[in-house]
Structures are given as C-alpha cells and as structure tokens.
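Annotated features, as they stand in Swiss-Prot:
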- 1-92: domain 'CARD' (DOMAIN)
- 116-188: domain 'Death' (DOMAIN)
Amino acid sequence: MEARDKQVLRSLRLELGAEVLVEGLVLQYLYQEGILTENHIQEIKAQTTGLRKTMLLLDILPSRGPKAFDTFLDSLQEFPWVREKLEKAREEVTAELPTGDWMAGIPSHILSSSPSDQQINQLAQRLGPEWEPVVLSLGLSQTDIYRCKANHPHNVHSQVVEAFVRWRQRFGKQATFLSLHKGLQAVEADPSLLQHMLE
C-alpha cells in the first residue's frame, strides 16, 4: 500500500472505527478479492466490539499489498459516504505531498540498506531509457554502460540489471536506497519507482 494511502487510513482511523464497517459485506468482499485471508477474517470476527473489529481491519490492510486500498474502497458499496470521505482525503493528501515526502515514512535502516537482486529486477522492469543517466549519476562510467550493453546486446532489461548489480558491487555499503533515491532525483526520474521496490 502506498504511503499516501496509509496516511489516509491513519488520519481517518477513529471516524472509520465509528462506522463499524465490518458488519456488512466488506469482509466478504476483501476475502473474495484475496486481500484478507481466512485467518484474518477469524481474527477480526473474534474481536468483541464493532469498533475493535474495524480497528483490526485497519491495522491489517496496510500490509496487504498495493491493491488493498482500492479494493477497500470498492468494498464500501453499503457505505458510499465513507468511500467519498476516503477518496476526498486521498486527493487532499496527494495534493499536499511533495514527491519526496513519502521517504519520511521509511525506517532509516531500510534507507541505508542495499537493494536485493529481486528489487533491482523490479526497478529494471519499470525504468525506461532514463536508466543510463541514473547509473551515471550513481557513479558508473560510460565504459560500464558500454560493457553492460555488449554483454546483453538484445536485452535492455538484462543491461539495466547488470548495471545496478555493478553499482552495488563497486560501492558496497554506500550502494543504498538513499543514494538510489538521490540518483533518481538527480535525473528527475519518477520517484515512485523506489516506492514500488519497497512495497
């Protein structure tokens, strides 16, 4: 779930709790769409009050993947006024958030860690032609880029993966998410690229 959507759920937590959202079809819909597991449903239903049930649902949702917030909105068919409130809050948060602000919500130990192979692979899938200026801003040379291209002449994805793996090997502990964020900012690449890697 995106940082902005987590913020919306946090800011409306008490209001949502007061609506006792778990009594209708909400849980069933979230289960059907694969957002909640059977264990989640049992855990929520075991709570003694409607407020506690809703609060537990709100605690679980942020960790249930990128589609959780939109699926939650879809589940609120019986509560159109709640859905409207959430959509409005989301628009306001989006308007307020400068692109780099979601970084503030990421723990420092993650920012100072290096991306895994899987995360580099994810980034390579999303990065377009701007990958070359990004790796140059991270400290690789034109020669490095040339080698990556020579090693994988017909596969841009593999060129990008190799370039970031070289960056990680060469810079060791300095090859962090934070330096990657700065590299993306330096070439004005889409900052949400990093967000997707960390979800």
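Cβ from N, Cα, C; glycine included.
Computed from a predicted structure; not experimentally measured.
Across the domain 'Death' (116-188), the prediction's mean pLDDT works out to 90. Helix, strand and coil counts from DSSP across the domain 'CARD' (1-92) read 68 helix, 0 strand, 24 coil.
Counting residues per DSSP class in helix, strand and coil order gives 56 helix, 0 strand, 17 coil for the domain 'Death' (116-188).
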